[in-house]
Every structure is written in structure tokens, then in C-alpha cells.
């Protein structure tokens, strides 16, 4: 498969307990990614939605806010585990380094959506509750 339908730039259904929806385009959704070392995902958030704290063990991530505002952050690997946060608005870009715990949260007054690119074809996420996207 060379193309993938359904990644329309719109807010998806976020009526769940965390108020967010991730729509991945990983190897399982687009087999052509095999051996290319890239993948992507769209993320949609309700007001006060959150993307649970997680770690990307084998990929860095760069994403752009397509609509709304969101607060993002990651914890450093220094002894103090400093938390780096930034408020982002439409058009802002942010990079999450490989292996650091990160989160997205707090859409203030409107829904938010962003588009992420990852440096791995099958980017697995390890959530802080021990669950994985394996």
C-alpha cells in the first residue's frame, strides 16, 4: 500500500476518559514504511484533554500544532529530573528527544490537534502505567 486514507485534518472523537485520540500511521497501517525509519500520527484533544505520560524508546518526535493551544513537556535525564514545559499555539513546532518521558496536556479554551513525525517506522510508546503500544 502506498497511500493511507483517513488522516483528514479534523478533530476526531475525543469522548473518552483522557479526552484525546491518537491516529497512528505506523508500519501496521502503512506497510510501505518498512525499513524507511519514519512514521507519523495525528493527535486530537478535547478541552482539558491529555496525552498520557509516555516514553518513546527508539524514536525522536517532532510535531506541529495544527489548531488550538496546548502545553507540552518532558522530563530530563539529569539527576534532578527537571521538567521542561512549553505552551504552544497553532503553527508552533516542538521536538521530543529519544527516551525521555513526555506528555501533552491542558488544551485551554478550545479543542487542539497536532501532527507528529517520528524517526522510527513502528514507534512504540511505553506509558508510565506500564502499558505499551506493542
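Note that Cβ sites are derived from N, Cα and C of the backbone, with glycine treated the same way.
Automatic, uncurated: that is what TrEMBL annotation is.
Features of the protein shown, as given by TrEMBL:
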type	residues	note
BINDING	51, 61	oxalate binding site
BINDING	54, 61	Mn(2+) binding site
DOMAIN	13-101	domain 'Cupin type-1'
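All chains included, 22 other C-beta atoms sit within 10 angstroms of the C-beta of residue 61 (oxalate binding site). Long-range C-beta contacts of residue 51 (oxalate binding site), restricted to its own chain and to partners at least six residues apart, with a cutoff below 8 Å, comprise 18, 20, 22, 43, 45, 103, 104, 105. Rounded to a whole number, the distance between the Cα atoms of residue 61 (oxalate binding site) and residue 54 (Mn(2+) binding site) is 12 Å.
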